[in-house]
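Feature annotations, reproduced from Swiss-Prot:
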type	residues	note
DISULFID	C49-C93	disulfide bond
DISULFID	C139-C182	disulfide bond
DISULFID	C232-C279	disulfide bond
DISULFID	C325-C374	disulfide bond
DISULFID	C423-C470	disulfide bond
DOMAIN	22-113	domain 'Ig-like V-type 1'
DOMAIN	114-206	domain 'Ig-like V-type 2'
DOMAIN	207-299	domain 'Ig-like V-type 3'
DOMAIN	300-397	domain 'Ig-like V-type 4'
DOMAIN	398-495	domain 'Ig-like V-type 5'
CARBOHYD	N44	N-linked glycosylation site
CARBOHYD	N179	N-linked glycosylation site
CARBOHYD	N363	N-linked glycosylation site
CARBOHYD	N371	N-linked glycosylation site
SIGNAL	1-21	signal peptide
Amino acid sequence: MSMLVVFLLLWGVTWGPVTEAAIFYETQPSLWAESESLLKPLANVTLTCQAHLETPDFQLFKNGVAQEPVHLDSPAIKHQFLLTGDTQGRYRCRSGLSTGWTQLSKLLELTGPKSLPAPWLSMAPVSWITPGLKTTAVCRGVLRGVTFLLRREGDHEFLEVPEAQEDVEATFPVHQPGNYSCSYRTDGEGALSEPSATVTIEELAAPPPPVLMHHGESSQVLHPGNKVTLTCVAPLSGVDFQLRRGEKELLVPRSSTSPDRIFFHLNAVALGDGGHYTCRYRLHDNQNGWSGDSAPVELILSDETLPAPEFSPEPESGRALRLRCLAPLEGARFALVREDRGGRRVHRFQSPAGTEALFELHNISVADSANYSCVYVDLKPPFGGSAPSERLELHVDGPPPRPQLRATWSGAVLAGRDAVLRCEGPIPDVTFELLREGETKAVKTVRTPGAAANLELIFVGPQHAGNYRCRYRSWVPHTFESELSDPVELLVAES
């Protein structure tokens, strides 16, 4: 195949030749407080750090600052820290691993003597209710032996459970939508703790849609006989999945590595198998209640029996390009194909009424550098497809646009809390990095398929105060690195 050579000397742009299942073990330790007397719950307090595996090493953190680590003579499953002096503060702990330390425990906050710290409220497995689903509210406190209470906004009564002697959390069934919070008390007549943050429960007539994905060869222009794998992911585990094309269920081989997803295997696609595929799921306890359909995934097949289309670029004003694909057939389905070091895949689809499809690329940057071509397929039997057009190479020089960094809080962050900074850029599927002013090594790195990421500083202390910037980078299919964002200042307050 010949290569069309075109040079676009605008804005530095040049056209030229060209499953195995994973097993995970929970290691995060648990941290709770115990008091000599629940009548004076914040006097003579002992913090217990419990690991998942026996270890001789434990460490406590207070207000974001590490305390002296403890090394025991023999491994233990837990260790108790006796608090002395001013016990008010925010605590976390970690336990030893053969290769270092575990992640930090969840936050435990001890307030002043006149109030009990708020518990945490979460919903399991999801924050919605629907027929056939058993949703529960989990209220996690600070002290053992307390009584937990759940409240729905607008209700006058609490849903109360007995004392949680052996744990610091309680579970409540949730049957109604609304805004929920929970509290606890240390004795039957005692004052309530501060309420937890509010969690909203929605009532849905049907479960929300899953996500259907295809990767690798499945996202290319397919040929008869190719194998395709489609992955359907639900927002919860233990459901029944279904693959559909249009309104027809497809009974195809399937496999799974996790209870929240399924792999559908199309082992030998044929002409006519192109088009839109969706998936859905239903709960085991509601066999008639299917979720909404996923967003469709489109497959395109070509036997390359039809003539190749004509493919040409048309520069537009600004950082934009229009790619024209012309076929000798009306009413065809067109596909713009991108090829780079990451592989060859369909970039976009169009179904124009005539014989010409116009694909527009806006805000072009170095991330758009690739080889492009187009194909078309006949939507009528026998569903023939074209050979690919001549390839065009787009080469863009220069760094990509700078990202923006913003804080998700206002004012100062309390020592011992988490600080979340959001870095936003124009290019998806990149790695975001957070850097402290004057340092070259990233303090936080997040890989994301999107064009933005939350960069979280866990359990900040005075040592974390300062200015931060972010950037994004990529190694595949192209190696590039953005400039640093404008700075955002992190202030840390003790109280």
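Glycine too: its Cβ is placed from the backbone N, Cα and C atoms.
Structure with Swiss-Prot features highlighted.
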{"residue": "N44", "record": "N-linked glycosylation site", "DSSP class": "coil"}
{"residue": "C49", "record": "disulfide bond", "DSSP class": "strand"}
{"residue": "C93", "record": "disulfide bond", "DSSP class": "strand"}
{"residue": "C139", "record": "disulfide bond", "DSSP class": "strand"}
{"residue": "C182", "record": "disulfide bond", "DSSP class": "strand"}
{"residue": "C232", "record": "disulfide bond", "DSSP class": "strand"}
{"residue": "C279", "record": "disulfide bond", "DSSP class": "strand"}
{"residue": "C325", "record": "disulfide bond", "DSSP class": "strand"}
{"residue": "N363", "record": "N-linked glycosylation site", "DSSP class": "coil"}
{"residue": "C470", "record": "disulfide bond", "DSSP class": "strand"}
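For the domain 'Ig-like V-type 2' (114-206), the model's pLDDT averages out at 88. Per-class residue totals from DSSP over the domain 'Ig-like V-type 1' (22-113), listed helix then strand then coil: 0 helix, 53 strand, 39 coil. Counted over residue pairs separated by six or more positions, the domain 'Ig-like V-type 5' (398-495) shares at least 3 Cβ pairs under 8 angstroms with the domain 'Ig-like V-type 1' (22-113), which defines the two as touching.
Around C232 (disulfide bond), the C-beta neighbours below 8 angstroms that are at least 6 residues distant in the chain are P210, V211, L212, M213, F241, L243, R261, I262, F264, C279, Y281, S294.
N179 (N-linked glycosylation site) has C49 as its nearest neighbour among the recorded positions C49, C325, N371, C374, going by CA to CA distance.
Neighbour list (C374 (disulfide bond), Cβ cut-off 8 Å, at least 6 residues apart, same chain): P309, F311, L323, C325, F334, A335, L336, V337, A357, F359, P388, S389.
The least crowded of the disulfide-bonded residues C139, C182, judged by other CB atoms within 10 A of its own CB, is C139. Taking only the Cα positions, the spacing between C182 (disulfide bond) and C423 (disulfide bond) is 33 angstrom.
Counting residue by residue with DSSP, the domain 'Ig-like V-type 2' (114-206) contains 0 helix, 45 strand, 48 coil. Separation of the C-alpha atoms of C139 (disulfide bond) and C49 (disulfide bond): 19 Å, rounded to the nearest whole number. The 10 Å shell around the Cβ of C93 (disulfide bond) contains 27 further Cβ atoms across the protein chains shown.
Distance noted between the C-alpha atoms of N363 (N-linked glycosylation site) and N371 (N-linked glycosylation site) is 17 Å.
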